[in-house]
Ligand code: BTN
């Protein structure tokens, strides 16, 4: 009976301890940003590379918006719980490309948040218009269907 007490103590610590550790921010899943754009990131491969789809809520063009493919990679570290990443969206309905770079955070409410900056390169016919071809901005993404 006396030996059972330390065992039960270790067992209860082992069961409770995981809830104290920092939650990992995971890129895979469904996300929505502050503009109302939706993004799905598929499972990462062994090198941290991923593919997915992006449904933007806004466009700099007059074209009809279509869901567009994205490709990216997460920094190759397993230890970090809040990894850096980048991805490119090759727009299906315009001649533009957007590159996003950011970091996957767990905020103080325990929710995953992607803080990103982007560069949107639009097509221009002439080199003299190059100066106006690139827009810059930020987007914050929240998970739509939080993982349990
Ligand atoms: C285009 O207008 O040529 C393509 C769509 C660009 C949408 C931009 S990308 C950065 C910003 N964040 C979004 O979710 N949508 C806009």
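Cβ from N, Cα, C; glycine included.
In TrEMBL this protein carries:
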DISULFID  25-104  disulfide bond
SIGNAL    1-21  signal peptide
| What does DSSP call residue 104 (disulfide bond) in the simple three-state scheme? | strand
| query | Other than its own, how many Cβ atoms are within 10 Å of the Cβ belonging to residue 104 (disulfide bond)? | reply | 22
